[in-house]
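Colleague: After the structure tokens below, expect a handful of questions from me.
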Ligand SMILES: Nc1nc2c(ncn2[C@@H]2O[C@H](COP(=O)(O)OP(=O)(O)OP(=O)(O)O)[C@@H](O)[C@H]2O)c(=O)[nH]1
Ligand SMILES: [Mg+2]
């Protein structure tokens with residue numbers, strides 16, 4: 001069956017849900033698609049289709065199943081439902097890096113929980129500039145308590161530089177909206193209106209050389225190797241020569257033979273688009289998550305750099321003890337997860353809560369550049385966030 005090509009008629013934005021485990025991110029995501037499908041600008045994606053692993057759903061040139069797409073009257077959105085559990089922070093970090101805005105889901109029954117605060121901090125660190133709040137489970141909470149939760153959320157946002165007084169806070173019930181209760185389907189519409197108006201259309205970095213951090217790699221029998229991810233910058237067309245960077249064996253040249261977004265073929269993709277690229281003659285084992293696909297000769301992988309790093313305080317879920325030279329945590333850089341050695345130079349120690357300049361030597365070469373953000377993780381939790389200042 002011939003597939004309909006993707007036609008760019010509305011501005012495209014990437015958004016996502018974030019927030020503490022069980023506060024209702026996936027339910028709300030399903031509810032949004034249900035409400036919009038009833039208005040004719042989206043396809044309903046039920047809860048269990050959103051909440052399943054990519055491997056199970058890998059079929060055709062498809063993109064990461066955690067993404068759903070929909071349109072409002074004025075915009076086309078790719079929406080990623082980020083898992084709330086701390087173990088999945090890595091996905092949050094790599095997914096959030098591309099977000100133009102986020103929906104912070106906070107249960108009106110529970111208020112701010114540790115991962116609520118952690119996600120807001122991470123959103124700030126990875127450059128998500130606009131947050132809209134969904135006070136979820138408003139069907140089950142009482143108004144007075146919900147008022148308190150709203151105050152608390154606005155304070156948290158202000159403390160992280162989000163201007164909490166002006167952030168839209170919408171009381172919703174993902175669950176009741178999914179059931180079709182008109183009061184709550186309207187609340188979901190109000191939430192989408194808030195996203196439409198509060199999150200500005202981003203200035204895309206389309207003129208720069210093409211770069212896409214690899215999120216997933218799939219094999220399509222008879223066609224070859226497909227990589228998926230969000231275009232970080234530049235544009236890419238069918239027929240373009242590219243190289244895959246990040247493998248120890250050096251750059252792997254290839255050509256893009258097919259391009260898709262949400263299962264629809266496209267001639268060219270640009271910064272911000274979520275795409276699948278079919279790469280000519282690329283062996284499946286030559287490419288994996290953490291590599292990047294880039295315009296030839298536009299990036300040189302390296303492993304030593306200086307960085308500005310914020311060491312999370314214990315109250316933010318970080319370490320209770322200082323770090324010293326020789327500390328060897330994991331670095332999450334774009335979609336890559338790589339070990340690295342820290343050198344504090346003349347500084348004896350960096351204490352939780354400190355912001356310090358330091359030198360990092362990664363365990364392998366990674367495409368790097370000044371201004372790139374990263375997270376530092378240890379034993380399954382985030383202990384720092386930083387930005388590359390200079391390559392050495
Ligand atoms: N009363 C009520 N319950 C809700 C609402 N939204 C979600 N729930 C319930 O809250 C629980 C968690 O919902 P999920 O949507 O899985 O939450 P989540 O944030 O995606 O959870 P994780 O992905 O595990 O972090 C489920 O039992 C939902 O039925 C709501 O609006 N009202
Ligand atoms: Mg979920």
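For all residues, glycine too, the Cβ spot is worked out from N, Cα and C.
Bear in mind that the values here come from a model prediction, so they are computed numbers and not experimental data.
Got these off TrEMBL a minute ago, pasting:
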- 19-26, 81-85, 136-139: GTP binding site (BINDING)
- 26: Mg(2+) binding site (BINDING)
- 10-203: domain 'Tr-type G' (DOMAIN)
Colleague: By a simple count, how many Cβ atoms lie within 10 Å of the Cβ of residue 82 (GTP binding site), its own Cβ left out?
Modeller: 25
Colleague: So which of 19, 22, 82, 138, listed as binding-site residues, have a Cβ under 6 Å from an atom of ligand 2?
Modeller: none
Colleague: Roughly how many Å separate the Cα of residue 138 (GTP binding site) from that of residue 26 (Mg(2+) binding site), to the nearest whole number?
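Modeller: It is 16 Å, counting Cα to Cα.
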Colleague: Given 22, 25, 26, 82 as the binding-site residues, which ones have a Cβ positioned under 6 Å from some atom of ligand 1?
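Modeller: Correct list: 22, 25, 26.
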Colleague: Per 10 Å Cβ neighbour count, which of the binding-site residues 19, 22, 26 ranks highest?
Modeller: 19
Colleague: Pick the one among the binding-site residues 25, 138 whose Cβ has the fewest other Cβ atoms within 10 Å in this structure.
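Modeller: Relative to the other binding-site residues in 25, 138, 138 has the fewest Cβ atoms within 10 Å.
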Colleague: Can you tell me the mean pLDDT for the domain 'Tr-type G' (10-203)?
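Modeller: 85, rounded to a whole number.
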